Amino acid sequence: MFILIIKNLLRRKIRTLLTIFGIAIAIFLLFSLLTFNQGYKNSLVKELDLLGVHMLAVPKGCPYEAASLIVHGGIIPKYLKEEDLEIVKKIPEVEIATPIFLAQLVEDDRISIIYGIDIESYQKVKKYWKVKGRFFENNENDKIVIGSDIAFQEKLTVGDEVYFKKIDKVYQVVGILEYTGGQDDGFYFLPLKEVQRIFNKEKQITAIGIKVKDLEKVDEVIRKLEEIPDLQIVTMTQVLGTILNLIGQANSLIFTIIILALFISSLGVINTMLISVFERRREIGLLKVIGANNWDIIKLLFLETLILIILGALLGIVLTISGNKFIETFIKGIIIHSPKKIEFNFDWKIATTIFLYSLTIAILASIYPIFKAINLRPMETIRSSDE
Amino acid sequence: MNNEIILKTEKLNKIYLRGEEKVWALKDIDLTIKRGEFVSILGPSGSGKTTLLNLLSGFDKPTSGKIIFLNKDISLLEEKELQKIRSKYIGFIFQTFLLFPNLTVYENIVLPFYFNKKKINKEKIYEIIEKLSLTHRLKHRPSQLSGGEQQRVAIARALVIEPLVIFADEPTGNLDSENAFNIFKIFENLSKEGYTLVVVTHNWELISKFNVRKINLKDGRII
């Protein structure tokens with residue numbers, strides 16, 4: 001019987017291919033979304049870990065947006081005072097409090113993200129940092145440390161000079177960070193005082209990175225920190241939650257569209273099978289005449305549908321795996337809070353879910369055509385073709 | 001031919017409803033067909049030939065009367081049982097040959113074995129293929145064959161299950177006179193070999209050339 005199924009599918013090659021392709025695209029979208037959702041979360045967690053602090057103190061306003069910008073780079077229009085840093089440092093449960101001044105230099109052809117840091121305290125937070133060359137001293141206002149991506153893109157090595165046209169100043173590269181896999185690879189690091197001077201914001205900072213001595217005392221630290229006026233605390237868990245929530249909302253919309261795409265491709269399968277049943281009603285009639293029972297007809301049509309769906313699903317999964325770089329670029333292009341690198345891990349659970357879903361579609365898509373086929377009156381269909 | 005009766009009808013009636021009007025498609029048909037008989041059902045259009053064929057092959061139920069096949073009244077049987085009987089004991093041949101265009105000649109011939117659970121008897125199949133002069137055509141597609149050859153493939157497909165009865169509905173309707181004659185010649189030979197053939201046709205001229213038992217229908221009655 002299998003030969004009958006295969007030969008029938010091959011008989012209408014273009015239609016079969018188009019149906020398979022329609023299913024493949026829908027599966028590709030669904031599989032990509034599910035896989036990248038997981039990868040996105042994992043990458044974001046990893047990236048927040050790389051930040052090295054447990055929480056950020058940011059100016060009151062939109063704390064999560066501010067925290068996210070600190071992770072990924074951007075401009076925060078509000079500032080904290082340096083005195084706030086001193087108050088934070090005095091809290092006994094705080095192990096490290098490091099000031100951050102984040103800014104952007106927008107020039108003709110590039111946007112440079114500038115990270116002003118207090119190198120002594122910041123190095124304690126970024127213990128994993130390794131540098132080719134050396135770090136600057138806090139008072140070296142003409143020295144710069146750059147991320148590995150910047151060095152690669154701008155073809156810079158230790159000892160080279162970086163010129164920022166907008167501020168008309170040249171800095172000497174004293175160190176290049178070894179690849180971190182995080183957003184740090186794309187930043188320019190300067191001494192805090194120098195960045196405050198450039199942007200004319202002396203004694204002001206964008207955020208304070210805080211590491212606590214004992215994680216169990218995080219709530220207590222937050223309570224104490226929130227007593228400081230103009231300051232708001234965002235923990236990394238909250239940042240993660242907020243970004244995932246934002247992504248989740250976008251996902252819901254995308255998910256709805258994909259479900260619609262799947263529904264439409266299912267209609268395509270039903271249509272293909274219905275046309276197939278209509279075109280072959282004589283043949284189905286004949287099969288009944290020469291001995292096929294209803295169960296044989298059901299098997300025949302169901303297996304045909306199943307083959308279409310399985311081939312479509314497999315092609316969709318192959319497309320997702322082979323096109324994951326493209327999808328990553330696409331997602332990063334449309335989502336502002338995207339991690340530097342989104343992990344793509346083939347997940348058998350997701351693949352199994354997709355297959356089960358495909359199987360359900362196959363069953364649903366074949367019900368109506370099968371119903372039509374088994375209710376054909378063989379002699380009438382054969383006769384009608386004779387006349 | 002022996003005297004074993006394999007198909008018999010008693011007071012067979014079939015009434016269709018056309019709106020509120022009753023139309024007698026068949027009226028009091030009493031018929032006996034013996035093993036090895038070559039029977040033709042003749043009659044003009046609308047005389048009830050096809051209705052009778054549908055009833056004899058169990059594809060339709062009579063309004064009243066009996067159809068005895070292998071000592072069973074098949075008009076009382078469920079579709080599942082009828083399907084078993086058809087797949088084991090009955091071969092069918094149609095006017096338009098009804099071959100699967102995407103299958104080869106050989107695949108078309110052995111098609112009934114995919115469904116009737118009988119074991120393929122290759123020796124028997126090749127004997128039939130040879131008898132019908134199809135040996136050189138086995139790997140061809142139906143579209144590569146002439147009309148006469150296609151009908152011979154359909155005959156082979158009907159024969160491979162070694163049926164007790166072969167029903168043929170206007171088997172020469174799509175053939176020229178030479179091929180039509182050849183097909184009836186094959187039927188005659190099959191009858192001599194012991195196959196029972198029931199052929200619906202309106203080709204009087206052709207029938208007159210063969211030793212066939214004629215059943216003439218007019219307005220649903222045997223005349």
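Just so you know, the numbers here start at 1 and follow the chain as drawn.
Just so you know, glycine gets a Cβ as well, placed from its N, Cα and C.
Under the heading domain 'MacB-like periplasmic core', TrEMBL lists A:16-227.
Annotated domain 'ABC3 transporter permease C-terminal' per TrEMBL: A:256-376, in sequence order.
The transmembrane segment feature in TrEMBL is assigned to A:16-36 (among others). Residues of the same chain lying 6 or more positions beyond the ends of the transmembrane segment (A:16-36) and with a Cβ under 8 Å from any Cβ of it are 9-10, 251, 254-255, 258, 261-262, 264-265, 268-269, 272, 308-309, 311-313, 315-317, 319-320, 323-324, 327-328, 331, 342, 344-347, 350-351, 353-354, 357-358, 361.
The transmembrane segment annotation in TrEMBL covers A:253-279 (among others). Nonlocal intrachain contacts for the transmembrane segment (A:253-279), taken as residues 6+ away from its ends with a CB within less than 8 angstroms of a stretch CB, comprise 8, 12, 15-16, 19, 22-23, 25-27, 29-30, 33, 301, 304-305, 308-309, 312, 357, 361-362, 364-366, 368-369, 372-373.
Residues 1-2, 4-6, 8-9, 16, 19-28, 30-32, 35, 265, 269, 272-273, 276-277, 287, 292, 327, 346, 351, 354-355, 358-359, 361-363, 365-366, 369-370, 373 of the same chain, all 6+ positions outside the transmembrane segment (A:300-321), place their C-beta atoms under 8 angstroms from a C-beta of that stretch. Residues or ranges marked as transmembrane segment in TrEMBL: A:300-321 (among others).
Feature annotation from TrEMBL assigns transmembrane segment to A:350-371 (among others).
For the transmembrane segment (A:350-371), the list of distant contacts is 23, 27, 30-31, 34-35, 38, 262, 266, 269-270, 273-274, 276-277, 297-298, 301-302, 304-306, 308-310, 312-313, 316-317: same-chain residues at least six beyond its ends, Cβ to Cβ under 8 Å.
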